[in-house]
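Here the structure comes first, spelled out in C-alpha cells, and everything after it is commentary.
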C-alpha cells in the first residue's frame with residue numbers, strides 16, 4: 001500500500017502520490033461496512049431549510065452540535081429569511097447564540113453572509129460550493145458540508161474526526177484538511193464522498209475516539225493499520 005505524500009516531477013513540483021487499486025477497494029469496503037453498521041448516519045444539526053443549515057454549520061465551529069441545537073430554535077424563530085438577518089445588527093443575534101463559542105464573531109459573519117445572499121442571490125442559498133466559499137465567514141469545510149446536505153454537492157469535507165480517521169486508516173499522511181480532502185477524493189468514487197464524510201464523522205464520535213479508540217468493537221478493525229494509535233479499548 002502506497003503511503004508516500006508524493007513524488008517530485010522533473011520541474012521540482014510534487015506530483016500527487018499514486019493511489020493503488022487495492023487501496024481504493026479497501027476504502028470502498030470501509031465505507032460499505034460503516035454504512036451497514038450505521039445506516040441512519042446523518043448530519044446531527046437541526047435545520048428545516050438550506051439557510052438554516054448554513055447558519056447551523058457556521059455556528060458549529062468550535063462548538064458541539066448539541067449546543068448549536070439548543071441555541072438555534074429561538075434564533076430560527078426570530079430570523080426566518082436572509083432578509084431578516086440582513087436587516088439585523090450582529091448584536092441582535094447575541095441573545096440567541098451566546099452559548100456558542102466565539103458567538104460575537106459568528107454573529108458578525110452570519111449577518112454579513114446573509115447580506116451577500118440577499119444582495120447577490122435574491123435571498124436564496126448559492127448552489128455551488130465555490131459561491132458558498134465567497135460568503136463572509138464561510139470556509140472550505142463549511143461550504144463543503146452545506147453543499148453536501150443542501151443540494152447533494154460532491155464534496156468530502158474534512159473536520160477533526162474525518163482527518164483523524166483518514167490518517168488512522170492509512171488513507172493519507174496529510175494533516176492539512178484541504179490535502180486530506182484531495183487525497184480522499186482520489187481514493188473514493190464521487191458518489192461516496194458525502195456518505196463517506198458523514199460515516200467517518202459518526203464512527204469518530206461513536207467508536208474511533210481520538211485518545212482511546214474502541215478497536216475491539218470496530219467493524220473495520222481488520223482493514224485498519226491503526227496509525228497513531230497508542231492505546232485502544
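Here the Cβ of each residue, glycine as well, is placed from N, Cα and C on the backbone.
Keep in mind that this is a model prediction, so the values were computed, not measured.
Matching 100, 224 to the [4Fe-4S] cluster binding residues that TrEMBL gives (208, 215, 218) identifies 224. Its own atom aside, the Cβ of residue 218 ([4Fe-4S] cluster binding site) has 19 Cβ atoms within 10 angstroms in the protein chains shown. Classification of residue 215 ([4Fe-4S] cluster binding site) by DSSP places it within a helix.
Counting every protein chain shown, the Cβ of residue 215 ([4Fe-4S] cluster binding site) has 16 other Cβ atoms within 10 Å. Regional average pLDDT for the domain 'HhH-GPD' (59-206) in the model is 97.
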